[in-house]
Amino acid sequence: MPERIAVLAYSGGLDTSCCLKLLEERYGYKVVTLCVDVGQPEEEIKECEEKARRYGVYDHYTLDAKEEFVKEYIFRAIRANAMYEGYPLSTALARPLIATKLVQLAEELGAEAVAHGCTGKGNDQFRFEAIIRAKAPHLRIIAPIRDLNLTRREEIEYAKKHGIEIPSESKKYSIDENLWGRSIEGGPLEDPAFEPPEEIYSWTRNPKECTEEEYVEIEFEKGIPVRINGREMDPVELIRECNRIGGRNGIGRIDIIEDRIIGLKSRENYECPGAVMLITTHKALEQLVLTREELKFKEIVDATYGDLVYRGLWHEPLREGLDGFIEKTQERVCGKVTLKLYGGSLWVVGRESPYALYSKDLVSFEEKEMDQREITGMVKYYGLQAALYQSIKRRLQ
Ligand code: ARG
């Protein structure tokens, strides 16, 4: 009789630690834990393995997926300016990658099931399960917290009984972090009238302390950032460097009410300095090189893209189709953008590109390159239909 193995997406937090024990105790599985490194703090990854072993897992795997996350997900998100309701997508962007790794490991080990620690109220259950079902329909999916309808208080009780570490008082927030952003929710933040205290932030300095301006130049090739202040960097380092620069200037704190997939409104806080800087500069470059028609259409494409990613539909053929359109537009998104950072704000103060459609010779008040008189006829019949409508209105009044 082969062993019944369940592979659990494990973070070391309370939810997934309870899952670990529940899977053994209530579901009768041998548990293999998987921690996918998408840029969460290093101590967290170490602690994750250490806890898994301490709680007696059958086996634990840590998988460094940072480079893949940047190249296959973050770079696409930059090219698509991927936002949802006003913030750059981060958690949603990492979930399909984590789900894919979970399925791969489960298949390698011949596991019967995969498991995750999502509750029945959030978005991640959709994001994980949609990908898992699409890639490996034969795998059983177990969501113990949702299955047993557990509250946080019940989890803490269960944890105490099973020797699971209880989060300290200081851990009153639920935090999800990857290279592209950090999200903080829960605890006192559940009151939307409550101002986020300074303690929730760890990537960004308090904007009121950022009293010296800093300039940064970001260079793109085909819509992908390649150099910061003239220095070429490998993809993971480049994202980290942007987070550091933006962070020390207090950039990228976002506090919003967000509409979750199931319709619940939730209060969310984000820190995403690098994402804000890179999407802002990328858009600025697009404004310089894309035509009005492309820009107008791409805005719809970008919004649709963000929405699909948020709703866990990374594997939608529409997403691939949109990527096809975006890739074509990005051939010309090459050049440099200069940002000024100060007091938690950022401004685009310069841009240049070999593909710029901007022409000083044409637009300048000082130049004769374009003969103004030639436009007279174009102006005369401009708004023809509106003029006809107004004349009919006058006649019938
Ligand atoms: N609301 C965001 C999303 O669904 C982030 C949730 C992250 N989870 C957390 N425990 N902070 O993408």
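Any Cβ shown, glycine's included, is placed from N, Cα and C.
TrEMBL has this to say about the protein:
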BINDING   ALA9, TYR10, SER11, GLY12, GLY13, LEU14, ASP15, THR16, SER17, GLY117  ATP binding site
BINDING   TYR87, ASN123, ARG127, SER174, SER183, GLU258, TYR270  L-citrulline binding site
BINDING   THR119, ASN123, ASP124  L-aspartate binding site
DOMAIN    6-165  domain 'Arginosuccinate synthase-like N-terminal'
DOMAIN    173-389  domain 'Arginosuccinate synthase C-terminal'
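With a CB cut-off of under 6 A applied against ligand 1, the binding-site residues GLY13, SER17, TYR87, ASN123, SER183 are reduced to ASN123, SER183. Each of the binding-site residues SER11, THR119, ASN123, SER174 was assessed for Cβ neighbours inside 10 Å, and the highest tally belongs to SER11. Within 8 Å of the Cβ centroid of the L-aspartate site, not counting the listed residues THR119, ASN123, ASP124, the chain contributes CYS118, LYS121, GLY122, GLN125, PHE126, ARG127, ARG260.
All protein chains shown were included, and the count of other CB atoms within 10 Å of the CB of TYR87 (L-citrulline binding site) stands at 21. Its own atom aside, the Cβ of ASP15 (ATP binding site) has 19 Cβ atoms within 10 angstroms in the protein chains shown.
Neighbour list (GLU258 (L-citrulline binding site), Cβ cut-off 8 Å, at least 6 residues apart, same chain): TYR84, GLU85, TYR87, LYS265, SER266, ARG267, GLU268. With a 10 A radius on its CB, SER183 (L-citrulline binding site) counts 21 other CB atoms from all the protein chains.
A gap of 9 Å separates the Cα atoms of ASP15 (ATP binding site) and THR119 (L-aspartate binding site). Annotation: SER17 carries the greatest number of neighbouring Cβ atoms among the binding-site residues ALA9, GLY13, SER17, TYR270 [cut-off 10 Å, Cβ to Cβ]. Using a 10 Å Cα-Cα cut-off around GLY13 (ATP binding site), the binding-site residues ARG127, SER174, TYR270 reduce to SER174.
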